[in-house]
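Feature annotations, courtesy of Swiss-Prot:
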type     : residues  : note
ACT_SITE : D11       : active site
ACT_SITE : E71       : active site
ACT_SITE : D144      : active site
BINDING  : D11, D144 : Mg(2+) 1 binding site
BINDING  : E71       : Mg(2+) 2 binding site
Amino acid sequence: MSNQVIILGLDPGTKITGFGVIRIEGHQYVPVDYGCIRPPSHYKLSERYLVICQGVEQLIDQHQPHAVVVETQYVSKNVQSAMKLGMARGVIMIAAKKRGIPIYEYAPSKAKLAVVGTGRASKYQVQGMVQRLLNLSIPPTPEDAADALALAICHAQMPILKQSQYET
């Protein structure tokens, strides 16, 4: 049985979807992969969602995570933006569910609190703490990738995460 847990964090967006993969080794968080899924800007929304879905499926197939963590949707005054973001979250969840991966959701403020110690941390503070927690030589960029890594770290710190539940 493996005692390593792999977590895929995702910060959804129709233009940029950040991803971050970490592995838990004992009490250490080890960065595995991070970056962004960027559908071409000239694509129609339906095509962008397909690119996001395929990108997430590739990440799941490549890294075999034990959990997928998605940022919850914030309340937006712009209904159109909220709907588009909700649909991006939906295709991410479908990709994970199709492969039988458990899905967890956390608010941005919860991830910031877990990583920085305050739910009102700036993007810069999140990048800096993610860099320190994962022993990266430079802060992870773009911000979307740092946010995705923060979500994965947040989940790794949750009491619901019991190593035995993820042993393979």
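Cβ atoms are placed via backbone N, Cα and C, with glycine included.
Features as recorded by Swiss-Prot, highlighted on the structure.
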residue: D11; record: active site; DSSP (3 states): strand
residue: E71; record: active site; DSSP (3 states): strand
residue: D144; record: active site; DSSP (3 states): helix
Row D11 (active site), column other C-beta within 10 angstroms, all chains, value 27
All chains considered, the count of other Cβ atoms within 10 Å of the Cβ of D144 (active site) is 26
Expressed in Å to no decimal places, the gap between the Cα atoms of D11 (active site) and E71 (active site) is 6
